[in-house]
2 protein chains.
Amino acid sequence: MREYNVAILGATGAVGMRMVRQLENSTVPVKNLKLLASSRSAGTKIEFKGEEIEVEETTPDSFEGVDIVLASAGGSTSKKFLPEAVKRGAVCIDNTSAYRMDPDVPLVVPEVNVDQLANHRGIIANPNCSTIQMVVALQPVFEKFGLSQIVVSTYQAASGAGQSALNEFYGQAQDYLDGKEMSADILPTKGDKKHYPLAFNLLPQIDVFEEDGSTHEEWKMVHETKKIMLNDMNATGIKVNATCVRVPVAISHGESVYFEVEDKSATKEDIQRVIDQFDGAVLQDDPDHQVYPQPITAEGKRSTFVGRIRADQENPGCFNMWVVADNLLKGAAWNTVQNAEELVKRDLVRVPEDYYRG
Amino acid sequence: MREYNVAILGATGAVGMRMVRQLENSTVPVKNLKLLASSRSAGTKIEFKGEEIEVEETTPDSFEGVDIVLASAGGSTSKKFLPEAVKRGAVCIDNTSAYRMDPDVPLVVPEVNVDQLANHRGIIANPNCSTIQMVVALQPVFEKFGLSQIVVSTYQAASGAGQSALNEFYGQAQDYLDGKEMSADILPTKGDKKHYPLAFNLLPQIDVFEEDGSTHEEWKMVHETKKIMLNDMNATGIKVNATCVRVPVAISHGESVYFEVEDKSATKEDIQRVIDQFDGAVLQDDPDHQVYPQPITAEGKRSTFVGRIRADQENPGCFNMWVVADNLLKGAAWNTVQNAEELVKRDLVRVPEDYYRG
């Protein structure tokens with residue numbers, strides 16, 4: 001059996017640490033694991049399969065001899081290093097938004113469009129966390145009944161903005177409970193001018209604003225969903241409308257999804273059944289026993305949890321559902337490692353001659 | 001000028017306390033204020049206009065000589081005492097759900113349907129908190145452009161479940177930060193079997209479940225909206241679909257509202273303008289300067305704040321908006337006192353001969 005040299009870029013971040021853990025519990029045969037980060041984090045030691053591995057500072061040459069790169073160190077770091085890695089023969093799975101909309105880069109959620117992996121030219125992109133869990137819940141519905149429209153409102157956890165945002169949020173929560181004033185330097189988004197507390201609050205801004213008044217996160221949900229489900233970021237076959245809100249939760253995003261199917265004969269029970277039978281989705285939908293997805297029960301799990309499925313009484317063919325998944329696992333680290341597993345399974349861990357040159 | 005004897009039923013609760021404060025700062029000429037509660041709270045002293053008033057235990061005779069009752073002591077208490085109050089000549093504004101769907105009881109949000117006050121037969125109902133803020137934001141749009149559909153996802157604060165739920169939530173938050181296990185005895189809803197922590201979590205259940213899988217809170221948003229905006233709880237003129245989620249916020253509800261207008265020529269700027277010009281609504285919609293409604297800035301205010309207004313690029317005539325209001329003020333205490341102000345202004349503080357007999 002072929003074994004692979006794997007590198008994790010951004011190994012000390014909230015997602016990077018989880019990539020190490022997910023890789024440890026994956027089917028990827030790892031010959032050697034290299035942990036890469038910025039000079040600031042170099043020297044840190046992280047355990048992998050009982051062995052301590054020292055984090056190294058990333059340089060282009062770090063990727064010599066590497067077969068698979070799992071990247072989660074920010075968009076600019078990916079832009080800088082992934083073409084270098086591909087040039088040296090490594091297949092990269094990138095968890096940042098750097099390459100998601102590139103037509104030469106497959107955007108893959110294995111449950112939905114694993115076949116796209118075969119088209120890679122050295123880089124595969126991992127979608128945005130809020131997109132991933134929604135498409136896992138909707139794909140079985142789409143396959144069986146068709147899908148014409150999606151209206152989603154998200155309830156996104158602080159950890160989606162990174163470990164420093166999560167730490168800031170915890171500090172705010174303690175200050176609030178102590179009756180002190182809350183301060184904010186990171187949320188809603190590091191790159192913007194104003195900052196607001198998230199603790200005991202709601203921030204209807206994730207990422208920066210686009211010209212049309214939507215946020216970039218909302219834009220991502222629209223176009224990534226189309227690219228994953230219809231293989232075209234501007235496809236019109238499924239209309240997508242998104243509102244993204246940061247909520248005072250640490251880990252796991254919630255989503256209130258309203259959708260319309262093409263086959264108007266579909267019933268609530270039909271929707272429940274196809275989701276229940278779909279790999280990667282777990283149906284938690286028993287109102288009589290107050291069973292429904294919750295962030296604190298989804299945390300640490302790889303699955304996407306779906307419940308509160310209802311037929312809209314006034315609009316035939318329209319349904320509601322409530323979707324929760326661990327944004328750091330299925331929304332990031334696990335989906336990345338899962339893509340690596342699928343590459344290995346399909347013997348696709350090789351960079352083609354017409355490789356991605358950036 | 002006529003002065004009125006006012007009684008507040010449930011004066012020691014989270015809403016009742018705020019009713020005292022809102023009444024103090026209202027145009028209602030108060031001759032005498034009576035504070036009523038259960039025997040457990042009798043004897044408590046609450047200040048009103050510089051005077052200490054002792055809370056009395058409620059009996060049917062408590063309402064002798066009372067002109068206006070503001071009630072917020074739970075549905076069963078309203079059912080028990082309001083007919084007694086009406087019999088004794090008091091006009092009651094009830095903040096519980098006890099009478100909201102009664103065709104003989106006007107359900108009034110003054111900005112929207114103040115004319116309905118004239119039809120009262122002794123009892124006026126205050127709508128559910130989540131309904132109130134949504135109809136204030138939508139009414140100017142409805143008046144100017146027509147409205148055919150509403151899809152709303154709520155982000156509701158813990159205080160909507162009462163002071164004890166709020167206290168439980170604060171305790172959970174501290175336990176979580178201290179690394180202790182969280183316990184739950186009240187939320188998601190006192191009357192149901194299972195209880196889950198709200199702190200750092202999301203609970204997609206508010207109130208008990210109906211047979212169709214929706215919660216009673218969701219049912220309320222559908223039927224109250226129709227009754228307020230169309231004067232018929234089962235009207236089909238506006239389709240309403242609601243998903244209600246409790247979020248780890250103390251005070252002020254958020255709502256992600258997707259809606260379709262009849263006049264397809266309406267632009268985002270038109271929607272912003274009519275909301276901006278509407279009494280009771282405050283437009284906070286400036287993405288360039290990161291201005292949008294937030295719970296912590298809405299807390300303590302009487303207005304309904306509206307922002308994040310966007311035109312759906314794929315569905316002409318469809319829009320998004322984000323609505324926030326203090327659920328204990330506009331969603332409860334202030335809307336009740338505001339109804340009392342309007343009754344006074346219209347000289348409607350009298351019980352008609354065909355008064356409500358329960």
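Start at 1 and count along the chain as shown; that gives each residue its number.
Positions of Cβ are set from backbone N, Cα and C atoms, glycine also.
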Candidates B:Asn315, B:Asn320, B:Asn327, the one TrEMBL lists with B:Thr12, B:Gly13, B:Ala14, B:Val15, B:Arg40, B:Ser41, B:Ser159, B:Gly160 as binding NADP(+) | B:Asn327
Fewest C-beta neighbours within 10 angstroms among the binding-site residues B:Thr12, B:Gln156, B:Ser159, B:Asn327 belongs to B:Thr12
Starting from each candidate's C-beta and looking 10 angstroms out, tell me which of the recorded positions B:Arg40, B:Arg100, B:Arg246, B:His253 has the most other C-beta atoms.
-> B:His253
Winner by Cβ contact number (other Cβ atoms within 10 Å) across the recorded positions B:Ala14, B:Cys129 = B:Cys129
In the domain 'Semialdehyde dehydrogenase NAD-binding' (B:5-120), how many residues does DSSP call helix, how many strand, and how many coil?
-> 38 helix, 32 strand, 46 coil
Taking Cα-Cα distance, which of the binding-site residues B:Thr12, B:Ala14, B:Gln156 are within 10 Å of B:Arg100 (phosphate binding site)?
-> none
Where does B:Asn327 (NADP(+) binding site) sit by DSSP, helix, strand or coil?
-> coil
Could you state the whole-number distance in Å separating the C-alpha atoms of B:Cys129 (active site, acyl-thioester intermediate) and B:Arg40 (NADP(+) binding site)?
-> 26
For B:His253 (active site, proton acceptor), the spatially nearest of the binding-site residues B:Thr12, B:Ser159, B:Asn327, using Cα atoms, is B:Asn327
Between the binding-site residues B:Ala14, B:Ser159, B:Asn327, which lies closest to B:Arg246 (substrate binding site), Cα to Cα?
-> B:Ser159
